[in-house]
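Presented below is the structure to which this report refers.
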Amino acid sequence: MHPDLSPHLHTEECNVLINLLKECHKNHSILKFFGHCNDLDREMRKCLKNEYMEKRNKSRELGNAMRKRLFNPPEESEN
């Protein structure tokens, strides 16, 4: 099962692969059951996985920065 394949959620590279896979399924409605579109599917899943990993790493970095800011507030200088 794939995640939501809406175009606004993915990069242009992945959107191209998603559209190619959809086109393959549309043009080869019977052969898709025998693996005709599997190569496109693998490439699309690889692209989606890379997107997921990038988003996860970015979120982790933002979370670490926020934790650092919350638990280690800057020292206020006293006059």
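Note that Cβ sites are derived from N, Cα and C of the backbone, with glycine treated the same way.
Mean predicted confidence for the domain 'CHCH' (11-55): the pLDDT average there is 93. Feature annotation from Swiss-Prot assigns domain 'CHCH' to 11-55; the stated evidence is sequence analysis.
Proximity of distant same-chain residues to the motif 'Cx9C motif 1' (14-24), defined by a Cβ-Cβ separation under 8 Å and at least 6 residues beyond the stretch ends, is recorded for 5, 7, 32, 36-37, 40-41, 43-44, 47-48, 51. If you look up Swiss-Prot, you'll see 14-24 marked as motif 'Cx9C motif 1', on the strength of sequence analysis.
The secondary structure of Cys47 (disulfide bond), as reduced to three states from DSSP, is helical. Per Swiss-Prot, the feature disulfide bond maps to Cys14-Cys47 (among others).
Of all the Cβ atoms in the protein chains shown, 18 others lie within 10 Å of the Cβ of Cys24 (disulfide bond). Swiss-Prot lists Cys24-Cys37 (among others) with the feature disulfide bond, giving sequence analysis as the kind of evidence.
What Swiss-Prot lists as motif 'Cx9C motif 2' is 37-47.
Annotated region 'Disordered' per Swiss-Prot: 58-79, in sequence order.
Residues 2-3, 5 of the same chain lie 6 or more positions beyond the ends of the domain 'CHCH' (11-55) yet place their CB under 8 Å from a CB of it. In sequence order, Leu21, Cys24, His25, His28, Leu31 are the residues of the chain that are 6 or more apart from Cys37 (disulfide bond) and have a CB within less than 8 Å of its CB. Long-range Cβ proximity for Cys47 (disulfide bond), meaning a same-chain Cβ under 8 A and a gap of 6 or more residues, is found for His10, Thr11, Glu13, Cys14, Leu17. Cβ-based neighbour count (10 Å, all protein chains) for Cys14 (disulfide bond) stands at 20.
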